[in-house]
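Q: Please find one structure pasted underneath; my questions will follow.
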Amino acid sequence: MHALGRTPALTLLIFINIFVSGSRCTDKNQTIQNDSSSPLTQVNTTVSVQIGTKALLCCFSIPLTKAVLITWIIKLRDLPSCTILYKVDTKTIETSCLDRNITWASTPDHSPELQISAVTLQHEGTYTCETVTPEGNFGRVYDLQVLVPPEVTYFPGKNRTAVCEAMAGKPAAQISWTPDGDCVTTSESHSNGTVTVRSTCHWEQNNVSAVSCIVSHSTGNKSLFIELNQGSTTTTTSLLTILYVKMVLLGIILLHVGFAFFQKRNVIRT
């Protein structure tokens, strides 16, 4: 896209409005990174939004009195592209998008922001707002990425081991342990783009009775406390107890046999 008749005053206006517009369209559920290397007439932005929350995407904040046409071009990962447009002079709205979750945040004559009311994995893709003005065309491109918090489970294994699993997260979660152990971590990718991470750890030290599993993810971190199954230590103790009981019983039997033997010997002598 090309800008026509660009002036220093217009350049300053665009810089200021990018900042204000970006702050209006950002909430605690989405993270924005701007690509400052893009031309002034087009800003490329990466937006990360947690699944199930609302996403709000902005155009250039140009006064509608200067706009002729505002068009949102939506290209989702696995669906055909569609458009939502607003003709300023006739106040006409046209759309080819079938997803009712994707709408104008307000009325386009008031604000051209696009809203996704409940983000799903199917909403990942590119969202481009093109604003046509007499001074030129201005665009803002969003690469929308959906974050999925993993479901975290854990359980103690056998012989001083523990297992921690972060299921179906996007992106993949990171798992660490305190204290450090001898760990094996595996990951499994799913067809919907989520990843399951599983970490199994073993601790040799007998003085380690409990450990913590720390799951780190873009949507938040979790720390889990796990008591270790003592395993072989418990078995050894049980064996020693059984051996001790057997030795005591053997001693009692020998004592009875010895007593009976000496009693019989005394009877024979008399």
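Numbering starts at 1 and runs along the chain as displayed.
Using the three backbone atoms N, Cα and C, a Cβ is placed for every residue, glycine included.
According to Swiss-Prot:
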{"type": "TOPO_DOM", "residues": "26-241", "note": "topological domain 'Extracellular'"}
{"type": "DOMAIN", "residues": "39-145", "note": "domain 'Ig-like V-type'"}
{"type": "DISULFID", "residues": "Cys59-Cys129", "note": "disulfide bond"}
{"type": "DOMAIN", "residues": "134-229", "note": "domain 'Ig-like C2-type'"}
{"type": "DISULFID", "residues": "Cys164-Cys213", "note": "disulfide bond"}
{"type": "TRANSMEM", "residues": "242-262", "note": "transmembrane segment"}
{"type": "TOPO_DOM", "residues": "263-270", "note": "topological domain 'Cytoplasmic'"}
Q: Give me the non-local Cβ neighbours of Cys164 (disulfide bond): same chain, 6+ apart in sequence, Cβ-Cβ under 8 Å, ordered along the sequence.
A: Val152, Thr153, Tyr154, Ile175, Trp177, Arg198, Ser199, Cys201, Cys213, Val215, Leu224, Ile226
Q: Return the residues near Cys129 (disulfide bond) by Cβ distance under 8 Å, restricted to its own chain and a separation of at least 6 in sequence.
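A: Residues satisfying the criterion: Leu57, Cys58, Cys59, Phe60, Ile70, Thr71, Trp72, Pro112, Leu114, Gly139, Arg140.
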Q: Need one number: mean pLDDT over the domain 'Ig-like V-type' (39-145).
A: 91
Q: In which DSSP state, out of helix, strand and coil, do we find Cys213 (disulfide bond)?
A: strand
